[in-house]
Structure formats: structure tokens, C-alpha cells
Ligand SMILES: NC(=O)C1=CN([C@@H]2O[C@H](COP(=O)(O)OP(=O)(O)OC[C@H]3O[C@@H](n4cnc5c(N)ncnc54)[C@H](OP(=O)(O)O)[C@@H]3O)[C@@H](O)[C@H]2O)C=CC1
Ligand SMILES: Nc1nc(=O)c2c([nH]1)NC[C@@H]1CN(c3ccc(C(=O)N[C@@H](CCC(=O)O)C(=O)O)cc3)C=[N+]21
Ligand SMILES: [Mg+2]
């Protein structure tokens, strides 16, 4: 038995079809959504992600606003780029590509963003809204994971979900999202202090691996039929590798592979957050 693939590319394409028609409605109201990116330095991985986001914007009809700064940019220079995007009415949402180079105060820069333009959902105000159950932009990777499971009818209500990783972009906000009443999953967040990872994973109906450790999840850890989502990405000499060993796919009932699973959904949710921000701007005009 081999697993049903949770196909992030096909799902992204369906989402982009929907976004294109919403962009057309916005155009009738005289608004073209704009996504900004702030990229500091020349890390090839970060540069590739930012290129991918702008390529997707072009497919959907979203204007791209790039702010590329040198690796030695000062705190003030990055702050100025943020202030400009906050003030620019053609920018409905933007992201500060993480991680920032050493020496920059990431927290201060994220807090400087206008929470209404936070396309990543990572501003402290928006993370606070998520905790409080108030509406706001949702973090892209967690939202993409929930959307992927929903579209493949993988049941979440009452499901036992084990998340490996408590990072602020994936694991921590995913726990918050999945434990809302609308999802109603029971979540365990694992990390390097977890005593027996294999025992935790074995209990799971759904496993989300977001540690960034190649091959961390092996076939023997899984209950047959479990859904396994490979989120982790590690750059090696042989290319990008995920956290889930290939043999685990034979045991699983559903697999979101890396590549082709959660990554494309992350980008689709980023663009969705921007279109939603533009729709709010039109409604409040
Ligand atoms: N596909 C996609 O769309 C995206 C993929 N990613 C990828 O997801 C991964 C996680 O990202 P992010 O949250 O930002 O990363 P962080 O580095 O912030 O978090 C990694 C987490 O994994 C935990 N961890 C590391 N090793 C182990 C281990 N052996 N056993 C158990 N837990 C472990 C860490 O535990 P501790 O807290 O104890 O250190 C930490 O909580 C990365 O590989 C990143 O590249 C990120 C964003 C989007
Ligand atoms: N402020 C901020 N927001 C982020 O959302 C953010 C970030 N910083 N820093 C880095 C991580 C990583 N991330 C990915 C996005 C898309 C893919 C993606 O599209 N992956 C493809 C493969 C891409 C390839 O082959 O290079 C896939 O999995 O199929 C992966 C990873 C967003 N991140
Ligand atoms: Mg992926």
C-alpha cells in the first residue's frame, strides 16, 4: 500500500485559479493587490524563496514590490524599507524574509511593521490575535497545512496531531491553529526536550515534521495509515531534503512530500493573505 499524496502543487494551482478571479473583481474596483518583500543579504536559499514568491505574484496578477538590501545593511536601513512599505498605498501586504543577518534586531523590525500589512501573520499583534481567537492574517505555513488537509478530507476534529518543532514560523502557530474550535484537533508539540519522540509519533493520526533534521521521522515510528506532512527543509550537496525518511511513505496513509507538499501551499497562503488585505482595503474605502 502506498500513500495518497497531498499534492501541494495541484492544490496551489486551484487556489491560484480562485485568486485570479478575485484579482479581476478587485481590478473592477480600481485596485491591484501588491506584495512587498524585504530581503537582506545574499543567502541563496532566501533569494530563491523571494524569487519564487514574485514569480507566483506574476501568475496571479499581484504587483511585486522588492526591497533588496545588502548583507551589511544597518538596522536603520531595514527600518526605512519597512517604513516605506507601511506608507505605500500600493503595498497591501509584505514580508521580511527570515532569518535576517546576525546583528539585526529581528523582533524590533517585525514589530515595526503595520500589522494590517503583515502578510506572514508573524507580527506580535497578529500572533496575539491568533491566541485570542480574533480575526487577522494567519501564518502562511500553518494555514497552508490546514488547507491541504481540508482539501483532501483528512479529518482534523478529534484527531491526534503530533508536531515536531516549536519554531515561530511553523510548529508554535500550527498548534494554535489546530486547537481552535473550528479545527478541534488534539495537539502535541515536540522539540529537542521531548523524551521519547518515537512514542509520541506512534500515537499520532497526523504527523507534521518541522524540525529541519533530515530523516528524523522513520517508518518504524509511524502507525500504518497516518498522515505525514514533511515541512522541514535542509540544503545538502544533493539538494533539498525533508525530515521524513523515504520508506515512511510506504507506511503512511497520506503524505505531503518535500518538495511538492507544504512549500507551494506556504506561497499560496502568502498570496491569499495579500488578496484578502486588498479586499479589506476596498471594503473600507
Ligand atoms: N515548507 C515550508 O513551507 C517551510 C519550511 N520550513 C522549514 O521547516 C523547518 C522548521 O522551521 P522553523 O520553525 O523556522 O525552524 P526553527 O529552527 O525555529 O525550529 C526548529 C524546531 O525543531 C526542533 N527540533 C530540532 N531538532 C529536533 C529533534 N531532533 N527532535 C525534536 N525536535 C527537534 C527544535 O527544538 P528546540 O526548540 O528544542 O530547539 C525547534 O523547536 C526548517 O527546516 C525550515 O526550513 C520553514 C518555513 C516554511
Ligand atoms: N518571513 C518569512 N516567511 C516565510 O514564509 C519564510 C521565511 N521568512 N523564511 C524561510 C521560510 C521557508 N519558506 C518556504 C517557502 C516556500 C517553499 C517552497 O516553495 N518549497 C518548494 C520547493 C522549493 C525549491 O525547490 O527551492 C517545495 O517544497 O515544493 C519552501 C520554504 C518560507 N519561509
Ligand atoms: Mg514542502
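Using the three backbone atoms N, Cα and C, a Cβ is placed for every residue, glycine included.
TrEMBL entries are annotated by machine, without manual review.
Lifted from TrEMBL, the feature list:
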- 165, 166, 167, 233: NADP(+) binding site (BINDING)
- 6-120: domain 'Tetrahydrofolate dehydrogenase/cyclohydrolase catalytic' (DOMAIN)
- 139-281: domain 'Tetrahydrofolate dehydrogenase/cyclohydrolase NAD(P)-binding' (DOMAIN)
### Spatial neighbours of residue 165 (NADP(+) binding site) that are distant in sequence (at least 6 apart) but have CB under 8 A
171, 189, 190, 191, 208, 209, 210, 211, 212, 231, 232
### Task
Measure from the Cβ of residue 166 (NADP(+) binding site) and count the other Cβ atoms within 10 Å, all protein chains considered.
19
